[in-house]
Amino acid sequence: ENISAFSLNTTDCTQVVVPEEVFFTVAAAGILENLLILIAVVRNKKLHLPMYFFICSLAISDMLGSLYKTLENIFIILCKMGYLTRHGDFEKKLDDAMDSMFILSLLGSIFSLLAIAADRYITIFYALRYHNIMTLRRALVILAIIWAFCAGSSIAIALFSYEAATVIPFTVLFPLMMFFILCLYVHMFLLARSHAKKIASLPSSTVHHRTNMKGAITLTVFLGVFLCCWAPFVLHILLARFCPHNPYCACYMSIFHVNGTLIMCNAIINPMIFAFRSPELRSTFKKMFCCSR
């Protein structure tokens, strides 16, 4: 808010405010949709696979992002009503906790996408050895390591967010991880193209190959949506830390609420992509809503 107030004095850009009703509606929809993903995977034993466990990890990250924005809005409303102060000890701890939740959501999403990309890579190019390489136990160990690392990092970053040495690695991690995932997908598609020519004479292999490539395309769409929804907010963090007094930076920071809304939209879009592109999830949703076997 201090940066936003300063930006109004240094730029002619008007502060863009998203109505609170929109915030709560989008956040509630994101939480509900991702909760349905978790329930569907738990109920359908056919979905008890490493791939869907990684998808559940991404769904939890999206839920945390929506929950963070919901709690932040409630906190701001209570401050405006006078029930909370802006500089009290309790409020400071509450603010740190919410910041940790936000960072945990971002890191969890990044590493979940990385795990999904790696799983898809193994599925395509090591199909015969996939079940030996990516066992269910190994997937759970990977997820445990990911969330332990993300939880520790989120607490450390939230406590020392005022240090440039903390902000820089956090913001640099985002483009580096996205670049790595992008390189993985480019490599995946280039190899898949050459493999497609070799197995064109094998009908069953071709069908299996097309199924895997369909999954790879789905995950590529996920990556694009993730970048569009999270990159503006990460850029806002960088500008707020390193050039808060620049009029151009202040003008960009005037759309802070819009960037926050994009994060919550990501939590809505992801389950929609899964629901429309995954036959198993569509079938599970139908059984859940129709209460039929």
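Numbering starts at 1 and runs along the chain as displayed.
Any Cβ shown, glycine's included, is placed from N, Cα and C.
According to TrEMBL, the domain 'G-protein coupled receptors family 1 profile' annotation covers 33-274. Residues annotated as transmembrane segment in TrEMBL: 22-42, 49-68, 102-128, 140-162, 168-192, 213-235, 255-276.
Packing against the transmembrane segment (255-276) from elsewhere in the chain are residues 4, 16-18, 22-23, 26-27, 29-31, 33-34, 36-37, 55, 58-59, 62-63, 65-66, 69, 105, 109, 218, 221-222, 225-226, 228-230, 232-233, 236, 282, 285: each is 6 or more residues past its ends and has a CB under 8 Å from a CB in it. Between the transmembrane segment (49-68) and the transmembrane segment (168-192), fewer than three CB pairs separated by 6 or more residues in sequence fall under 8 Å, so the two stretches do not touch. The average pLDDT the prediction assigns to the domain 'G-protein coupled receptors family 1 profile' (33-274) is 78.
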